Amino acid sequence: MKVLAALAGGLAGAVVLTGIHQVVKKKRGHIAPRMDLLGMETLIKLGRKAKINLPDEDTLYQITLAGDLLSNTVYYSTAAIGPKQTWLKGALLGLGAGVGAVYLPKPMGLNPDHSNRTEQTKVLSVVYYLVGGLVAAGVIKLLKAEKVKEVSSV
């Protein structure tokens, strides 16, 4: 149950994070962080270095989205490690990912504008990932509490 709770929490955080990205991108595209474009840029760069043929833009977008969901699920699930401070771990994971999203693209040779073109974009980038971390922590705590309830009622 521990692994299942961790993965379910991680998936919940990743889905909420991705959902927020998609909604804000459609409603406020001029300020929205574009982590989808950052991910696609990364795949294009890696594909060229590996000398592999890249798929069309729509397929590349779908691969990026799937990769984001998978990697964020695994990342956020680490909030379940250890029995204590799940909320703090979720918050720190979210803040770490958000700050990384803002400050790491440029040193990695990627376009930093996708995540930090305006002050609003920077703040949104951090807040999105923070929310994802908190959702993950909340689901993990809920599922761990349900497990304790099941065991104590046996």
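The backbone N, Cα and C atoms fix where each Cβ goes, glycine too.
Keep in mind that what you see is a predicted model, and the values were worked out from it rather than measured.
Residues or ranges marked as transmembrane segment by TrEMBL: 6-24 (among others).
According to TrEMBL, the feature transmembrane segment maps to 86-104 (among others).
Tertiary proximity for the transmembrane segment (124-143) is limited to same-chain residues at least six positions away from its ends with a CB under 8 Å from its CB atoms, namely 1, 4-6, 8-10, 12-14, 16-17, 20-21, 24, 31-33, 35, 72, 76-77, 79-80, 86-87, 89-99, 101-102, 115-116. Taken from TrEMBL, the feature transmembrane segment covers 124-143 (among others).
Remote same-chain partners of the transmembrane segment (86-104), defined as residues 6 or more beyond its termini with a Cβ less than 8 Å from a stretch Cβ, comprise 13, 33, 35, 38, 72, 75-76, 78-80, 115-116, 122, 125-138, 140-141, 144.
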